[in-house]
């Protein structure tokens, strides 16, 4: 079935992408360059060591985003091909767009932008926010609309990150606040503005099947395995990075076990929900990001993983239906339960960890929860002992408020833009359907070997 002429994106999509790639080529030709090769042997060794220390983490994150997250979105049985492809496409588009903005804002010196692997990594972190946010409207939006989301969200993310991390000094090495909370509420604002107050009925094509749930669970397992790299990659090498890996593994292990417990208790027959397993098992990785490199005790990481899994599963069972009934809020992938609630828990945990450190007015306990690379004396004693610690705790709360407020507002405004008729929102009958974007050869056509539909049907009948 073809889309109506008024919403046909056949010209708009390739034209806009072609112009973007042309502009990107021009920008790279004029401004992007690599570092000058080092002539000092010790400098060359230092560069090599930095590369070898970050590249394995970078590769892990690539597997997470391309394979793990893509498969997680295939729980929609007739939209799996589109979900995988759109996830891969948006990752590349958003990363390229983030590299341009990042270069102009932070790395533009003497008319040139020097490209590093670290630049590419932080650009992919900006792309992650887009991949998470579009989960709220997955299946009900066109590719043209998703391009607009990426174009609008990436610069807002950079502005929000600057306000939270650089200006407020929020401690959030794993992105619980800056990535997960921000992208969640951007997506919810986007959904609310796009669909308005009309409650969307459950689409018959959006119901998972055992096969689609199994494929999505494979994506969960891939994300679970590689998540420690996502949290630890930006930590200072050494003790902080070691702690981040350990804390993340403990939190995710706890969330996986707790998800099974809570999901089973919520069913009268003690059965498990595939959706709970696909999301709750990852909740610990979201929550631990804000405290991952702090010297919190191992039991704290386990407890945070337990709490995040409980919040995620209960969110799917009770909060999501409540938001649909009261606010007509559509959240197709449940990003509020996986990214929003655990992200808020992570922000609260970081505040508690900092306040607990104030028991020692000399600031020594605060230095135990302050990541490597942050001078505890400047943060604590420099501001007046416990008063400095209290101020840092307030900054954590303020950073959470900034993330939620800025993302909601930006999401609402972006959703209003997506309602423009030229952006080709798919009609209801073509939502959650791969045939909207792909030529899919059905069994009758393959048997007919290029003949007419009637001939293909006869061939199929003869074979039966």
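In case you wondered, yes, glycine gets a Cβ from its N, Cα and C as well.
Just so it is clear, the model here is predicted, and its values are computed rather than measured.
Looking at 340-358, 359-377, 378-396, the range tied to transmembrane segment in TrEMBL is 340-358. 54-76 is the stretch from 12-34, 54-76, 120-139, 299-319, 397-418 with the greatest number of Cβ pairs below 8 Å to the transmembrane segment (214-234).
Ranked by the number of CB pairs under 8 Å to the transmembrane segment (340-358), the listed stretches 54-76, 120-139, 146-165, 246-266, 397-418 are led by 397-418. Only pairs six or more apart in sequence are counted, and the transmembrane segment (299-319) with the transmembrane segment (397-418) gives fewer than three Cβ pairs under 8 Å, not enough to call it a contact. For the transmembrane segment (397-418), same-chain residues at least 6 beyond its ends with a Cβ under 8 Å from one of its own Cβ atoms are 133, 141, 145, 148-149, 152-153, 156, 159-160, 163-165, 168, 170, 172, 177-178, 181-194, 344, 347, 351, 425.
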